[in-house]
Each structure stands twice: as C-alpha cells, then as structure tokens.
Amino acid sequence: MTAVLVPLVVLLPLLGAAGALILGRHRRAQMAVSLGVLAAVTVIAAVLLVSVDANGPAVVYVGGWDAPWGITLVVDRLSAIMLVISAIMLLVVLVYSVGQGIADQHRETPVSIFHPSYLILSAGVFNAFIAGDLFNLYVGFEILLSASYVLLTLGGTGERIRAGVTYIIVSLVSSLFFLSAIALVYGATGTVNIAQLSVRLAELPGEVQLMLHLLLLIAFGIKAAVFPLSFWLPDSYPTAPAPVTAVFAGLLTKVGVYAIIRTETVIFTESDVTVLLMVIGGLTMLIGILGALTQADIKRLLSFTLVSHIGYMIFGIALGTQLGYTATIYYVVHHITVQTTLFLTTGLIERFGGATSINRLAGLLKASPLLGVLFFIPALNLGGIPPFSGFLGKTGLFLAGGEEAAADPANAWLVWIVIAAGAITSLITLYALTRFWNMAFWRGRRELEGYESVLLGSVLEAPEGATVTATRTTPVLMVVATSALVMLTVCLTVFAGPLFELTGRAAADLLDAGAYVSTVFPGGIR
Amino acid sequence: MTASLTLVVLMAVLFGAGVSIMLERSLTRVLIGFLLVGNAVNILIYLMSGAPGLAPILGEGVDPDTISDPLPQAFVLTAIVINLGITAFMLALIYRSWWLAQLGAKGDLVDDEEDMVEDAEEAADLIRSSAADDQAIQDLIDASDEEPDEGLELEASARDRDDEEGRP
C-alpha cells in the first residue's frame, strides 16, 4: 500500500525544483513551493518509516520492469530512518535560509537559483537512500553532487570558486572511481541489482571480491570524508553560506557513510575488511580532531570535528555486529542533527558577533543568552557529555567494541586501541569547543584588545580571513529553526530508548542479507 | 566473455592520457582530463557487455542469445548525459574564475560609481568613433561620386586606419 509513496520522495522534490525555477521571479510563491514540497516529503518519510517498521520493507519496481532488469527502489528500516532524518534537516535548514534570505534581501543566497538547486540536492539525497541498485545509487550521487556544485559556488565570488574547484575535482574523481567500480562489478557478475549482487558477488574468487570491494570503498570513502581521503572537506565547506554548509556537513558525508554500510552488509557478505576499516576509523578520529585543535575559525574547527566523528561510524561499521550497527545508525542520526545545528548556530554567531574567529569574538553570552544556549547544548552533545545523545551513541559504540573484543581475542588489542582513540577524540572535541565557548561567550567585550592566553597560543587563522560585517540582527525564523533543531537533539536523548530499539531492528535487517534478497526477489533468484 | 582488443587499448590510452592531463594545474586541462577519463570509463562499461551482437530489440523470430547486452549501453548513455552537464558547469566555472582573475584583486567589488563613469566614458568613445566612421563613409561616398580612383584610395586608407585601431 505505502509502496506507492516511495517514488514520491524523489519525484516531488524534482517537480518542485522545476516549479521553483519557473517561479523564479515570484519569491513568495517559490518559497511556498519549496517549503511545501519538503514538508510533504517529511510526512511521506515518516509514514514510510512507520509502515516499514510494522510491515517490512517496501519495494517498488519502477515502470513495472521486474528486478534485476528494471530500476528497483527499496525502503527498509535503515533507508526509512535516513529518509526521515534527512527530510527533517532539509526542511529546517530551508526555513533557516528563508529567514536569512528575507533579512539580507538575498545578497548571500540568490534565491532564484538557490531553491531549485536545494530541491534537486534533496532529490539526490533521497534517491541515494532508496536506490535498490548500484547504478541508481550512482545517479543519486550525481544528482546531489551536481546540485552541491552549484550551491557551493553560489554567487561566484573568488573565494567560493577556489574552494569549489577543490570540491568539484575531488568529487569528479570519486564519481569516476564509482563508475569504474560499477563497470567492473557488472563485468564480473552481470548485474547491478544490490540484492542479486549480494548472492553473485559471494560466488566470485576472493581476490576479485576484495578488489571490487576496495574500489567501491574508495569511491564512498571520498564522499564520506574518511581519513586519507578527507583532505578536501575542511577547505571547501566553510566558505559556503551558513545554511548550505550546514546541510553539506550534516547530510552529504552521511550519504557516503550510508553507502559504506550497504557495501559492508548486503553487497559484500563474504569479503571482509574489518581490520582495514578499524585502522582507518581510528586514524580518522585522531587526525581529524588534531586538525580541529589548531583552528581559530569556528567553521573550520567544526569541519575538522565533522571529519573526526565520521571515524566513530566507520569504527561501528568495522565491528560488524548487531550492537555495532545499532549504535552506528543511532550515531549517524545523532551526528546529522548535532552537526547541522552547530553550523546553523555558527551562522547566527557570524551575524551577531561579526566574525567566526576565536580571536575576534567576545562577550556573546552577555549580548545574547539565547545564542549561548543554542551553542552550548549541541557543543556539549558533540563532545559526548552525559546525558546527551553523543554520550549515548559513543557508549553504545564502545560497548559494542568491548563485546567484539571479548568475542574475538585475535583482534581485541586493535579494538581497544580504537576505543581509546575514540575516548581521546571525544575529550579533545570537548576541549576545542569549550575553548571557543570560553573565548567567544565568557570573555568580556572589553577584554578583546591585547588579550593573551595559553589557549590562543597555537591557533591558526583561516587562510583567507573572511571579513564579515556584524548585522547585529538575528531574524526570528533563523532563531526558530535553530531552536527547533536544538530541541530535536534533546529529543534524541529523551527518546533514546525507543530509538535504540528501532535502530536495533534496522541493524538486524542489515545483518540478514538473505531477507533483503528475498524481499526484492519474492519468487527467488533465477 | 570476449572483448575487442582495440577498445581495450583505446581505453588504456584514454585513461593514461586523461589522468596525466588531470594532474596539471590549469583548470581547463583538468576538465579535458576529466573528459578523457570519463570516456575511458564509458568504454570500460561498454566492454563489459561482452561480444557485440544484433541490435537489442526483442521481437518475433529474434533469438535472445544473438543480441548484444543492452544494459551497459543504457549505463553509458546515462553517464554521457551526466558528463555533459558537468562539463557545461565546469566551463561556466572556468570562465568565471578567468573573469575574476582578469579583474585581479578588485574581484566582484568594482565600485558602482566607478563603473558608471567607465560606462559613460565608453559610451562617449563609442559615439565619437562612430561619428568618425560615419564621416569616413560619407567622405567615401562623396569621393566615389566624383572620382572613382580617389575613392579607392580613400577606402584603402580608411581600412588601414581601422586595422590600426583594431590592434590592441
């Protein structure tokens, strides 16, 4: 019954983008279209989640062509969870950007281009989450990447073009990797349908499997910004407008993580790269957070913490146990929300304080206590302070790690090292964020001149010190959107019990690749 | 699975050339490199369809075993379309960055008033030069009415002057 709704999550944003493009000259109508479309998708995603959780995965054979020939769309619990959380994020960030656009007369975000690109980005993200075959996943990636190129270079200033070029070239290379991997997978198995691949790849010789597996992991690793492939992220994200950075930071890397989860569970059931993922996860955490330590600019600092915290998810995936995936999916949801919130708050700080550098911000708490709250809660959350969701997610991951170490003594030392790295990363995150809090919020405005502190000794300014003029106004819509997200992060904590149960069921789905296959092929594979 | 050796060699050459051009600093070359590698990947996909056969149209009396695999062809078509879109965007980006580089440090922040003054000067120049051209043409017509030889000379001299002005 609800299967009818599945294609709508891609179709609605695409039609909305067309509508928004036609309505380019009528701002209000355009905003109404975009907000309406994303609100509708959010509702659809919620309905899908409830229905999928109750009745099992929804499968749609587009155009009536049966799998494996036609395009198959599959929504299982993991897809539905990702759909819901990303739809909510996209909607809230759109509200925020509408607030910003109204206040700035659209200088930052030329609205006639912004809304259609934003909707196409949404369509790409949703398409990636419901894709039932590798090639459709590739198309989803390309849709969201093309839109993200436009959004990242919005306005075409020199700084954004410079940052955009890095991002675009890296993304192009990763797409070429992905496409080559698809070609080779097709050559080896004669299919790109994920369910059929799950069966056929397992029959290949081990070396061939490993090569295909690594090729796909490289492609997804670039998108997810996993350690050796993460160099591009801190350089390209911070220059974009605040809402764009927030969406990119929250969602785009998680699409890569989602693809890695699928690769590790359903697609490659036999090929095992646990140790590699474990090492990469640990290195991603540590090296990312060490980069964050030296940043004076809060946007760059947050970009580095973003890279670093991808490491936790990779660690959870590497464990490959039910508890590991349960905690990973919860952590993905938590991290999408918290990272988006922090970037939105940074946008508010930028407007209110007129800078994003720790060296030039002071006295914010006195000037705006609300801003203090909006920064403080997600910052503590990201740092992993109990009782927030960051703490719960990390605890879940560490518990899963402990369990795995006990079950598999051969790799136990590696697991414990990565857990230690995770704990250290968490503490350093907390240090970096409280340092920002101390300087920007607690320091008095008059102390700004000639202030000296050991805390500021080692920080580096952004390579191109962006000059922002303080507008001193924080439009109501922007504050409302950010507050809503902060509330959501608190809800993730309050409703952690039911959420963990849900992600637990999603994890059980993932580990049962056979069930996935029989859902897509109810009559069995020929 | 059988594959054409020509295509394999072509793919390898395209991959090699494309990657080496992509490593250059210039954005235009990166784009050209991307196009080459993109086409190499397309050929790779096509190679995966195995031996060529009849057109993949199922009909009466066509043995499904003799047609070529249509799926990779669909993939290649999709990939070509995506590459086309991205190339268009990259070209726009290259043009924009070239334009910003021409402006130098001024970038987008060219003063509006300064702009208007420049515009006014340009317009005045245009009017002056077009007036001169009009005059030259008028002279030419007048001259041709009276003395054909003199007219040709005038025309030649006018062309010379235009050439000189045309040079940067």
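Yeah, the Cβs are placed from backbone N, Cα and C, and that goes for glycine too.
Annotations in TrEMBL come from automatic prediction, not curation.
Per TrEMBL, the feature transmembrane segment maps to A:6-24, A:31-52, A:137-155, A:167-188, A:208-233, A:240-261, A:273-294, A:301-323, A:329-349, A:370-393, A:413-433, A:476-500 (among others). For A:131-400, the entry in TrEMBL reads domain 'NADH:quinone oxidoreductase/Mrp antiporter transmembrane'.
Outside the transmembrane segment (A:208-233), and at least 6 residues removed from its termini, the chain residues within Cβ reach (under 8 Å) are 141, 166-167, 170-171, 173-175, 177-178, 180-181, 184-185, 188, 201-202, 252-257, 259-260, 263, 267-268, 270-271, 273, 280, 283-284, 287-288, 303, 306-307, 310-311, 314. In terms of C-beta pairs under 8 Å, the stretch of A:31-52, A:301-323, A:329-349, A:413-433 lying closest in packing to the transmembrane segment (A:240-261) is A:329-349. Between the transmembrane segment (A:413-433) and the transmembrane segment (A:301-323) there are 3 or more Cβ pairs closer than 8 Å, counting only residues 6 or more apart in sequence, so the two stretches are in contact. For the transmembrane segment (A:370-393), the list of distant contacts is 305, 309, 312, 327, 330-331, 334-335, 337-339, 341-342, 345, 348-349, 352, 364, 426-427, 429-430, 433-434, 436-437, 441, 474, 479, 482-483, 485-486, 489-490, 492-493, 496, 500: same-chain residues at least six beyond its ends, Cβ to Cβ under 8 Å.
Counting Cβ pairs under 8 Å that are 6 or more residues apart, the transmembrane segment (A:301-323) and the transmembrane segment (A:167-188) reach fewer than 3 and are not in contact. Non-local neighbours of the transmembrane segment (A:31-52) in the same chain are 1-2, 5-6, 8-9, 12-13, 15-16, 19-20, 23, 58, 75-77, 79-81, 83-84, 87-88, 90-91, 94-95, 98, 111, 115, 118-119, 122, 126; each lies 6+ residues outside the stretch with a CB under 8 Å from one of its CB atoms.
Here the transmembrane segment (A:476-500) has Cβ contacts under 8 Å with residues 88-89, 92-93, 95-96, 98-100, 102-103, 326, 330, 333-334, 337-338, 340-341, 344-345, 347-348, 351, 370, 373-374, 377-378, 381, 387-389, 392, 396 of the same chain, all six or more residues outside its ends.
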